[in-house]
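Encoded as structure tokens, the structure appears first; notes follow it.
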Amino acid sequence: MEISKMGNLKAPGPLYEMAQHQFLKAAKLMDLDPNIGNFLLWPQKSLTVHFPVVMDDGRVEIFEGYRVQHNTARGPAKGGIRYHPETNLDEVSSLAFWMTWKCAVVNLPYGGGKGGVRVDPSKLSEKELEKLSRRFFSEIQMMVGPTKDIPAPDVNTNAKIMAWYMDTFSMNVGQTTLGVVTGKPLDLGGSEGRPEATGRGVAITASEACNVSGIDISKATVAIQGFGNVGSFSAKILSEEYGAKIVAVSDVSGGLYNPEGFDIDDLIAYRDQNGGIIKGYPKGTPITNEELLTMNVDILVPAALENAITEKIANDVKAKIIVEGANGPTTEEAEKILIEKDILVVPDILANAGGVTVSYFEWVQDLQSHFWEIEDIRRKLTKIMKRSFGEVFATKQKYNTDMRTAAYIVAIGRVAEAVKKRGYFPM
Ligand code: GLU
């Protein structure tokens, strides 16, 4: 028997199908038991909700939202909630699927989940944003909980929204429940080092990738697509702690180039006073998104959304290393070209796992009501990221494959073992 798409089961969309192809490539190489493979190809639970929000002008607007749990064999589902006008069930299911492998690749006791609301939050007032957040969390309350499914920030969501989620859940169950979401404010059960965690993980894996490629990171040039939480912290840590030179950055408003390297604190301060965008920053020349992605640099960090590196872009990529800060930034066709060009791609499920790793630390601290110091967080995160990179790289060598497939092999191995030992209920 072969692992297959099994009869009339249908992927929620093209992104999910691409994710399934990544999985199938690894499953074949590692000779995965087809019964387990067929189970792991699909999300266990998907919820779509439509809910009303009374807008400031008195109109009632209806919003669509989702929560998907891909697999919970190794523990409660874990994964963020994004607010984006284009999000959909296909995207959220794919992101939940990737969370299962991300948690397993760094060996956290979690399964994978994700959520989303189709909304452009920049068009909402503060009050509308709060009402939308609280109502959405109430709608998905049946799925979440500190031992069931633990949401966190993702694209366009932040600590303030996590505090509203935590309060909403707590009000609904009648007790303060810190462990129901991570990425909360520090004084509300949040963790030291959580805001920087994904960026720090990107920087650590970039440095490990440089080591195995014979590149001196303190002399490396870097281009970063996306200047939100992940992009800006990756830039800051890569430049301040590893000495790399960030020569290009971009966000929704366009890109900037500076061959001398940006002063990242200065750029972050500018962004924060400029409505959250880098457009107009005087110490750089404007460039396009395509120019940034195809720039002659050592390291390229796509840290925005899915499908950034397409086939067309891949043909022109000159970076030696790509570290995927975003989830799913490389298309299937682009991936083939990057492999042929022998570019080392540190895949999303490894490269950006620092965020969920410190989310795990936050959850453990909440459950124990005992909080750790920043040094402990950074030390433990560094250890996990380095160990995971090493395991994935060794697997790449062993199977003579690419880093993404190797990361899947490590992750699938762990989840498959859990499924096998738990058995199928009822037997
Ligand atoms: N949204 C982040 C991710 O894609 C973090 C998830 C979490 O901390 O649970 O990995």
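In case you wondered, yes, glycine gets a Cβ from its N, Cα and C as well.
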Checklist entry - Given TrEMBL annotates Lys78, Lys102 as substrate-binding, which of Ser359, Ser369, Ser388 belongs to that site as well? => result Ser359
Checklist entry - Per the record, substrate is bound by Lys78, Lys102, Ser359: how many Å separate the farthest pair of Cα atoms? => result 13
Item to check | Neighbours of Asp154 (site 'Important for catalysis') among the recorded positions Lys78, Lys114, Thr198, Asn229 (Cα to Cα, within 10 Å) | outcome: Lys114, Asn229
Checklist entry - For Thr198 (NAD(+) binding site), which of the recorded positions Lys78, Lys102, Lys114, Ser359 has the nearest Cα in space? => result Ser359
Checklist entry - So of all those binding-site residues, Lys78, Lys102, Asn229, Ser359, which one's Cα sits nearest to Lys114 (active site, proton donor)? => result Lys78
Checklist entry - In Å, rounded, how far does the Cα of Asn229 (NAD(+) binding site) sit from the Cα of Ser359 (substrate binding site)? => result 15
Item to check | Lys78, Lys102, Ser359 excluded, remaining Cβ within 8 Å of their centroid (substrate) | outcome: Gly79, Gly80, Met99, Cys103, Leu108, Tyr110, Gly112, Ala152, Ala353, Gly355, Val356, Thr357, Tyr360
